[in-house]
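**Student:** For reference, the structure I am asking about is given below.
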Amino acid sequence: MAVEEEGLRVFQSVRIKIGEAKNLPSYPGPNKMRDCYCTVNLDQEEVFRTKIVEKSLCPFYGEDFYCEIPRSFRHLSFYIFDRDVFRRDSIIGKVAIQKEDLQRYHNRDTWFQLQHVDADSEVQGKVHLELRLSEVITDTGVVCHKLAARIFECQGLPIVNGQCDPYATVTLAGPFRSEAKKTKVKKKTNNPQFDEVFYFEVTRPCSYSKKSHFDFEEEDVDKLEIRVDLWNASNLKFGDEFLGELRIPLHVLRYASSYEAWYFLQPRDNGSKSVKPDDLGSLRLNVVYTEDHVFSSEYYSPLRDLLLKSADVEPVSASAAHILGEVCRDKQEAAIPLVRLLLHYGRVVPFISAIASAEVKRTQDPNTIFRGNSLTSKCIDETMKLAGMHYLHVTLKPTIEEICQSHKSCEIDPVKLKDGENLENNMESLRQYVDRIFSVITKSGVSCPTVMCDIFFSLREAAAKRFQDDLDVRYTAVSSFIFLRFFAPAILSPNLFQLTPHHTDPQTSRTLTLISKTIQTLGSLSKSKSASFKESYMATFYEFFNEQKYADAVKNFLDLISSSGRRDPKSIEQPILLKEGFMIKRAQGRKRFGMKNFKKRWFRLTNHEFTYQKSKGDQPLCNIPIENILAVERLEEESFRMKNMFQVIQPERALYIQANNCVEAKDWIDILTKVSQCNQKRLTVFHPSAYLNGHWLCCRASSDTAIGCTPCTGGLPANIQLDIDGDRETERIYSLFNLYMGKLEKMQEACGSKSVYDGPEQEEYSTFIIDDPQETYRTLKQVIAGVGTLEQEHAQYRRNKFKKTRYGSQEHPIGDKSFQNYIRQQSEISTHSI
């Protein structure tokens, strides 16, 4: 989801690898071990949770998480919890990374010390406040000065133990006085609207009886302050919980009679600092945060056109897309946006065919074909992930789920056998699993996506043409991707391919490792099977599969998925599971009488229908055909005082649903919008609030059939497999070119050197593939010019934004140190440019 700003869209995403924790404090009991899990939070909102690792003080998680971030945030936080069967799970510690600091840890493993968690560490939110100093004449005719402190509202207050009933205290404090006032308690909201005014006498009336203007003494101004404290009203015996505070020196009114601003809440000055960070252990993380500022499409035309014609450039090494792979530090970094862009415009097959053919021509040994981490390999990997994910799920998921649920021991290493286990029984169980997975893979050829088949056909042709004497190379060229880089990794780590929600337990992980090794060897068609294994027990196990029928099945499968002109006979009309999970829904009012309460239900979306049931596997309680979905929109929080709600609008009624967090809500809205995009009766307007108590809360219309009062949001492309924003991917590629501008210029130098010097290649230029220096130089010149033009647009946007930025506004509250640094940096840039 993009945050709309003037003239551009802002996209945020984060990719996280949660590695492990170490040296957690021991449990205060005889066992001393803990059952721990880790959560990922945007500020305080949990968006992901790892599995529970039992009985460990150094738990290994090994889990990956990716999400598009649909809202603004200040901190990306990680909490380590200790599970408690009888009470609320307790927090051991947390890691909080400020949004502005995320780039410091970009894409590298980092150990973070766990910090203590208390009320002060959990402070978040902002307050809108106005101070006004006025002159008042008393009943006796004496002139005095009154301070009016108006607290309008708060936003984003922390939720304590699942609830937030906030109130504020406003205190005028000085060395010899402290006068406090209190607002009303606002129930069940962390965005309270107070709009209350409190009056304080600033000076003694006699002090100003002869003055007609504001001229109170310097020492009075410097020593007085307004303090606002936010509290959560609690019925617990421990008292109300602290939510945050702010302090405003009264000298802000020295030059004006009123002052109004937004403030970030801060922890108390005397907050708890008794626990040393080292006492709580540490957590290993790898975080990749990306923020893209995307202009309208016409800005990207020159660079986009240059990239899209890459397949037609001779030689392909002189193309803009190939050059991107040459200058990026990591080939995958280039492949991800490149493949998405080319897929979006239907140019991925010609480009991959061209770079694959060029790579094959440089390969000397058919046994090493496509075995390196080249741009070709990374582009094909990314294409298979994008286009083949549904194919992978249909093929493997049922068997993988059964393996995870059965918990059968399949250990065949005699050294690792547990007491009471039988080697022959384990070997037979493993053989059955391998046979089943091998069978479903080799029979799935007709379901392989067309774009993958077209790529495999080009690989097969290029390899057969290059190594005409090797009859097996046409198979190994394809199997090196479909088996070694697609099926085998998915079996080994199913959580990375969304086949399982979390990393599997150690025993299941071991079973999947053994299956993956065997499938990889079967698919490789290597001539010496036993030599493929370092372990003798694997060589012994493989004797079960040392029959010609297995090799024939692999070849038939590879022939089918790499045949010229083959098309997927399976129509998109077949039911495809797109998304499922628990959410909370409000009764739709299908019954004339009765309470419209909220209940937890298991939701399931296919390309045919949207259903919900009590639990996974139960019969559906409600079926909504896709053609009956007229719109999918967010529901305003004020409707039910519940966050992350959206509505699925049908001809007769709307289904109100609450997702578990903002990320999940965005995912459901996006996919539901996508599958219903082509419905002919889609609405153009809707009601953003609910119909309650005889009227719509948004427009106050009394009829429940009243036409909507707000335009529907823009839809997404109606493409079930891929949802790609071409402009966003071009912006990502621009960012990479801009980041590696030094390498682009170095590559230009290499082209010049090669054009005029025929001797041995200089070492600093040897890392570049330059087949045609003149053509490569021309492309580089165009790339640098296109990147420069876009950089000017970004610089102009930053200047315009800086001019309009007001410190203390709702978007940029006072108290944000990172924003103060931004102001200072932009001021320096502006001064330098002048």
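Positions of Cβ are set from backbone N, Cα and C atoms, glycine also.
Copied straight from Swiss-Prot:
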DOMAIN    1-112  domain 'C2 1'
DOMAIN    123-263  domain 'C2 2'
DOMAIN    576-677  domain 'PH'
MOD_RES   Ala2  N-acetylalanine
MOD_RES   Tyr66  phosphotyrosine
MOD_RES   Ser77  phosphoserine
MOD_RES   Thr110  phosphothreonine
MOD_RES   Ser809  phosphoserine
MOD_RES   Ser833  phosphoserine
ZN_FING   679-715  zinc finger
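For each listed feature, how buried is it and what is near it?
**Tutor:** Within the domain 'PH' (576-677), the DSSP-based counts of helix, strand and coil residues read 20 helix, 42 strand, 40 coil.
Classification of Tyr66 (phosphotyrosine) by DSSP places it within a strand. Of all Cβ atoms in the shown protein chains, 12 besides its own fall within 10 Å of the Cβ of Tyr66 (phosphotyrosine).
The local packing around Ser77 (phosphoserine), expressed as other Cβ atoms within 10 Å of its Cβ over all shown chains, amounts to 23. The DSSP secondary structure for Ser77 (phosphoserine) is strand.
In sequence order, Arg284, Leu285, Asn286, Val287 constitute the residues six or more apart from Thr110 (phosphothreonine) in its chain with CB-CB distances below 8 Å.
According to its DSSP assignment, Ser809 (phosphoserine) is coil.
Regional average pLDDT for the zinc finger (679-715) in the model is 88.
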**Student:** Near the zinc finger (679-715), which residues from the same chain, at least 6 beyond its ends, have a CB less than 8 A from one of its CBs?
**Tutor:** 626-627, 629-631, 633-636, 638-640, 647, 649, 651, 654, 656, 673
**Student:** Let me check the 10 A CB neighbour count of Ser809 (phosphoserine). How many other CB atoms are there?
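**Tutor:** Excluding its own Cβ, Ser809 (phosphoserine) sees 12 Cβ atoms within 10 Å.
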**Student:** About how far apart, in whole Å, are the alpha carbons (Cα) of Ser809 (phosphoserine) and Ser77 (phosphoserine)?
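**Tutor:** Answer for this pair: 25 Å between alpha carbons.
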**Student:** Mind tallying the zinc finger (679-715) by DSSP state, helix then strand then coil?
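**Tutor:** With helix first, then strand, then coil, the zinc finger (679-715) has 0 helix, 8 strand, 29 coil.
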**Student:** What does DSSP say about Thr110 (phosphothreonine): helix, strand or coil?
**Tutor:** strand
